[in-house]
Amino acid sequence: MSQIYARITGTGSALPERVVSNAELEKIVDTSDEWIRTRTGIQQRHIAADGETTGDLATMAAQRALEAAGVKASELDLIVLGTTTPDLIFPSTACLVQHRLGANGCAAFDLNAACSGFVYALGVADKFIRSGQSKKVLVIGAETLTRMVDWTERESCVLFGDGAGAVVLEASAEPGIYATCLHADGGFKHLLYNPVGVSVGFKDEPNHGVRIQMAGREVFKVAVKTLDALVDETLQAAGMEASQIDWLIPHQANLRIIEATVKRLHMPMEQVVVTVDQHANTSSGSVPLALDFAVRSGKVQRGQTLLLEAFGGGFTWASALLRY
Ligand code: UT7
């Protein structure tokens, strides 16, 4: 039997309407547009309106991806949704989105790998397709991360935004995803986490104490080192050279982290999709948002080779090398 590949046949994304500039943040915390731009590359972020949820953004992104692929929701046999900010504890946001799309009956689940959520979900969906279990899969990365931001903490509140992206993956005799690499090391939990939850208990604090704790400088160092090794591992797994990559679509956390990975690949910045300036860090939303922007702007073309990578809380890190 010939090899089955998972191919991206459509992409979509969604952002909340409200845009918050660095200048607006200057009014609420002791920061400056200059600091945020030079340390992170961020110029603005989108923030969900009251009542607007991860599921709302995910549904919109999914509808656009299905339309681009020419696939009906009823044809889907699996939905995998990467998120750290689900609408409810249960049912999963994937189930909520499934019903809103009208894909009732197919398998649907959420996957929490923090900022690596979408790339993890892509890796899982790839295995379902390669094994012959699924033919048409919706993979989503969606977050309303600003819901767990403490707007008095300048170290973290300037970094995050809300948004969602999605792709439709279909079984194909042509590549397709060549390789995915997924990793985690829970020993780094203390550097980036949210300390509350159902089992540990919520706190008697504003927002029930739900807020991101991050040792930024340490996260930065490990991220750069880990992503370097991940790039090498992914190229090796696919049997490819860095020179064969047309586009790097990295997790959009910090422009300086992206630049370090690019240096490793000896790639010009012109071959890197950068959206961190417009979207900030949207966690699981960041890679599929960047992919959809690159596709819709005409940058990424059919037949090109893309390297997707992400790094986040856990720590988790993941990559996918694919032919678009
Ligand atoms: O999605 C994956 C998870 N997250 C990440 O990948 C984030 C990784 N880390 C980073 O992106 C960077 O470490 C940050 C952007 C978070 C911080 O940049 P940095 O260059 O590592 O700065 P720093 O933490 O070393 O802080 C430098 C200075 C400090 O002041 P002192 O001690 O030098 O006087 C901070 O207090 O900048 C200060 N600072 C700020 N100043 C103005 C920290 N946040 C701000 C702020 N505005 N928002």
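Cβ coordinates come from backbone N, Cα and C, glycine included.
TrEMBL does not curate its annotations; it predicts them automatically.
Note that the coordinates shown come from a computational prediction; the quantities given were computed from them, not determined experimentally.
For Cys115 (active site), applying a Cβ distance below 8 Å and a minimum sequence separation of six or more within one chain yields Thr84, His251, Ala253, Asn281, Ser283, Ser284, Ser286, Ala310, Phe311, Gly312, Gly313, Thr316. Feature annotation from TrEMBL assigns active site to Cys115 (among others).
Under the DSSP three-state reduction, His251 (active site) is assigned to coil, being neither helix nor strand. Cβ neighbours within 10 Å of His251 (active site), excluding its own Cβ and spanning all shown chains: 30. Taken from TrEMBL, the feature active site applies to His251 (among others).
Marked as active site by TrEMBL: Asn281 (among others). Secondary structure from DSSP puts Asn281 (active site) in a beta strand.
Under the heading domain 'Beta-ketoacyl-[acyl-carrier-protein] synthase III N-terminal', TrEMBL lists 109-186.
Taken from TrEMBL, the feature domain 'Beta-ketoacyl-[acyl-carrier-protein] synthase III C-terminal' covers 235-324.
What TrEMBL lists as region 'ACP-binding' is 252-256.
In the domain 'Beta-ketoacyl-[acyl-carrier-protein] synthase III N-terminal' (109-186), helix, strand and coil residues by DSSP number 26 helix, 32 strand, 20 coil. Cβ-based neighbour count (10 Å, all protein chains) for Asn281 (active site) stands at 24.
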